[in-house]
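Engineer: So TrEMBL lists these for the protein:
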- 4-262: domain 'Plant heme peroxidase family profile' (DOMAIN)
- Gly7, Asp9, Ser11, Glu23: Ca(2+) 1 binding site (BINDING)
- Cys56-Cys258: disulfide bond (DISULFID)
- Pro98: substrate binding site (BINDING)
- His128: heme b binding site (BINDING)
- Thr129, Asp180, Asp188: Ca(2+) 2 binding site (BINDING)
- Cys135-Cys167: disulfide bond (DISULFID)
Amino acid sequence: MLLILQGCDASVLLDDSANIVSEKNSGPNKNSLRGFDVVDEIKAKLEEACPQTVSCADILALAARGSTVLSGGPNWELPLGRRDSKTASLSGSNNNIPAPNSTIQNLISLFKRQGLNDIDLVALSGGHTIGVARCVTFKQRLYNQNGNNQPDHTIEKNYFLDLKSVCPKSGGDSNISPLDLASPAKFDNTYFKLLLWGKGLLTSDEVLYTGEVGKTIQLVKRYAEDEGRFFEHFAKSMVNMGNISPLTGFNGEVRKNCRLVN
Ligand code: HEM
Ligand SMILES: [Ca+2]
């Protein structure tokens with residue numbers, strides 16, 4: 001997953017170099033982020049057709065929209081013209097990305113810090129309608145949720161047994177499980193239906209429904225029964241997230257290679 005820290009400026013794409021300490025090696029990102037080769041391929045084609053015009057930050061925003069549409073989700077008008085950062089922040093990447101064992105209060109306050117509200121939080125969490133997570137990101141829930149060697153009691157019983165077989169108490173940290181077990185490759189609202197049944201994979205998923213914040217509970221229910229409303233809010237919230245402090249005008253640059261400052 002990819003949240004924005006300095007702003008929507010593709011800082012995460014920079015590799016280690018003389019002046020850059022790469023965000024790719026932060027706790028939340030290491031062994032997790034993938035697809036950098038796809039960004040390289042897109043960038044190479046763009047540079048060939050039209051040098052130094054489309055930023056890496058815009059490529060990421062366009063790829064997020066394109067992959068949403070291709071997997072069955074909504075389309076939206078996407079403001080472009082972001083520029084790329086000349087810096088990265090390892091400490092920002094370590095401190096500002098919400099952890100998978102976040103409480104509902106953690107999630108609300110981290111999103112708020114970026115100017116995103118409860119609707120953005122719940123709608124954007126619906127991005128977990130696609131893809132997988134590693135055992136290490138949900139193991140705590142299965143064996144020791146609160147430091148008392150007990151599992152998270154909000155996990156549905158059969159789902160709990162399935163997860164334990166994928167994710168043993170010791171080892172298997174990189175075994176993967178779908179975030180939306182019903183349709184991991186289709187952009188739809190089954191993620192929210194599963195939350196109602198105690199079948200959310202991460203603590204940060206399930207607490208949207210069990211976390212005792214009225215607003216997020218209502219939103220989960222609403223999106224579970226009305227896919228159109230989820231699509232509408234997801235589209236709006238993706239624009240909101242993509243507008244977090246972008247670099248524009250003479251700030252930043254358009255990188256030639258997404259891995260390197262020019
Ligand atoms: C609400 C806070 C969020 C938390 C705590 C969170 C956490 C996570 C974690 C732990 C993983 C698995 C990473 C791994 O095992 O290496 C993941 C995967 C993923 N996340 Fe998030 N995420 C959040 C928000 C988002 C948002 C806003 C989006 C997009 C709109 C998103 C989209 C995804 C996708 C698509 C995957 C699967 C990636 C893959 O299959 O490679 N997440 N997330
Ligand atoms: Ca799905």
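Cβ atoms are placed via backbone N, Cα and C, with glycine included.
Keep in mind that TrEMBL annotations are predicted by a computer and have not been checked by a curator.
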Engineer: Cα-Cα separation of His128 (heme b binding site) and Glu23 (Ca(2+) 1 binding site), in Å?
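Structural biologist: Rounded to a whole number, the Cα-Cα distance is 22 Å.
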Engineer: With the Cβ under 6 Å from ligand 1 as the test, give me the qualifying entries from the binding-site residues Asp9, Glu23, Thr129, Asp180.
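Structural biologist: Near ligand 1: none of them.
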Engineer: For the domain 'Plant heme peroxidase family profile' (4-262), what is the mean per-residue pLDDT, to the nearest integer?
Structural biologist: 96
Engineer: Measuring Cβ to any atom of ligand 2 with a strict under-6 Å cutoff, which of the recorded positions Thr129, Cys167, Asp180 qualify?
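Structural biologist: Result: Thr129, Asp180.
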Engineer: Quick check for the class: what is the C-alpha distance, in angstrom and rounded, between Asp188 (Ca(2+) 2 binding site) and Ser11 (Ca(2+) 1 binding site)?
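Structural biologist: With distance taken Cα to Cα, Ser11 (Ca(2+) 1 binding site) is 30 Å from Asp188 (Ca(2+) 2 binding site).
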Engineer: Near Gly7 (Ca(2+) 1 binding site), which residues of its own chain have a C-beta under 8 A away, given they sit six or more steps off in sequence?
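Structural biologist: Sequence-distant Cβ neighbours: Ser85, Ile244, Ser245, Pro246, Leu247.
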Engineer: Just to be sure I understand the packing, how many Cβ atoms besides its own are within 10 Å of the Cβ of Cys135 (disulfide bond)?
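Structural biologist: Step by step: centre on the Cβ of Cys135 (disulfide bond), count other Cβ atoms within 10 Å, giving 18.
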Engineer: By CA-CA distance, flag whichever of Ser11, Glu23, Cys135, Asp180 among the recorded positions is nearest to Cys258 (disulfide bond).
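Structural biologist: Closest candidate to Cys258 (disulfide bond), judged by Cα separation, is Ser11.
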Engineer: Using the CB centroid of Thr129, Asp180, Asp188 as the Ca(2+) 2 site centre, which other residues of the same chain sit with their CB within 8 A?
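Structural biologist: Neighbours within 8 Å of the Cβ centroid, excluding Thr129, Asp180, Asp188: Gly126, His128, Ile130, Ala182, Ser183, Pro184, Lys186, Phe187, Asn189, Thr190, Tyr191.
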Engineer: Just to be sure I understand: of Cys56, Pro98, Thr129, Cys135, Cys167, Asp180, which recorded positions have a C-alpha no more than 10 angstroms from the C-alpha of Ser11 (Ca(2+) 1 binding site)?
Structural biologist: Cys56
Engineer: Count the Cβ atoms, other than its own, that fall within 10 Å of the Cβ of Asp9 (Ca(2+) 1 binding site), considering every protein chain shown.
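Structural biologist: Other Cβ atoms found within 10 Å: 27.
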Engineer: Counting every protein chain present, what is the number of Cβ atoms, excluding its own, within 10 Å of the Cβ of the residue listed as 'substrate binding site'?
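Structural biologist: Counting Cβ neighbours of the residue listed as 'substrate binding site' within 10 Å gives 19.
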Engineer: Which of Glu23, Asp188 has the fewest nearby Cβ atoms, counting only those within 10 Å, among these binding-site residues?
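Structural biologist: Ranked by other Cβ atoms within 10 Å, the binding-site residues Glu23, Asp188 bottom out at Asp188.
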Engineer: When you rank Asp9, Glu23, Pro98, Asp180 by Cα distance to Cys167 (disulfide bond), which of the binding-site residues ends up on top as the closest?
Structural biologist: Asp180
